[in-house]
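> Feature list, courtesy of Swiss-Prot:
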| type | residues | note |
| --- | --- | --- |
| BINDING | HIS214, GLU295 | Fe cation binding site |
Amino acid sequence: MRFDLEPPSSVAAAHRIGVLLINLGTPDAPTPRAVRRYLAEFLSDPRVVEIPQAVWQVLLRTLILPLRGRASAKKYAAVWMPEGSPLRVYTERQTDSVRHLLTSNGYHVMVDYAMRYGSPNISHALTQFKRAGVERVLLMPMYPQYSASTTATTFDAAFDALARMRNQPEVRTVRHYADHPAYIHALAEQVRQYWAQHGRPDFAAGDKLVLSFHGVPKRTLDLGDPYHDQCQQTGALLMAALGLSTTECRVTFQSRFGKAEWLQPYTAPTLREFGEAGVRRADVFCPGFTADCLETIEEIGMEVRDEFLAGGGTTFHRIPCLNGASAWIGALSEIVAENLQGWPVKAAQPEPVN
């Protein structure tokens, strides 16, 4: 292996600490070409699609990318913000807010973000940290619930980048925070604030709150992935915080891809069944997504909404993700701070003069 070129080591180096917030990724533009490039990287990850690569790559290159590239580009165009992709825009804002909050509390750390797929990538971010004199890095995936297809592959990419370094930094990882009290509080506050502005569902009349998490193939649960259980744990804690029963609130899973069985119940069919059963209002919230993106704005806000209304429902609400909510920025900063314990995160104070 050839290692990356590095400057000579120096005892006078900055010895800085870096916090890297890592999200899934996004195309650079809502165009078929950019979307195909992004999907090719994403769907080529063996952590994401556990099919023999020799077979999968033929299907991916000849069938899936040509068909999904153009269709997905139209969906991205429908949610694209003036500043860019929603996921990137919100992640940038979260990064700035966490940096500001930590700095205001006396933390002397660098805070940046990266994407597992697309740009800015993890390798580039770690290289920038190294050039700035960072010798300790906290990897903070923006996935509250652990899954091999999200959290583990994020760490894979980071360790691949570290493997090319001769002088590696000390590294810590945040595996999950599915049950962290500050995270649960931020979720509950997001729902409460939305209801304060738009009215609370009439649960006595049969209205429903649906907590929709991103789905994964069911076989991953059978193979030991803890994602399903952690989603259920988050859902139960959030229901308790909101004072709701399992009759009033349901955990579901969205974004199924392919014909294999995924975690159930599926979100869209559940909403249609609610409509057909006479449910008048349904609110959907996505606790596993810390920032709004295609899967929340388009899939939930448009496709799932249409399923509910087609089934006979009358009022649909998509509760925005945590995004830049103050409770979430506080929670995220708290989780980061807890995982920085033991490192010299605060600037050294001068010795008092006698």
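Backbone N, Cα and C define each Cβ position, glycine as well.
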> Return the residues near GLU295 (Fe cation binding site) by Cβ distance under 8 Å, restricted to its own chain and a separation of at least 6 in sequence.
HIS214, GLN254, SER255, CYS286, PHE289
> Suppose we draw a 10 Å sphere around the Cβ of HIS214 (Fe cation binding site). How many other Cβ atoms does it contain, all chains included?
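Its Cβ has 25 other Cβ atoms within 10 Å.
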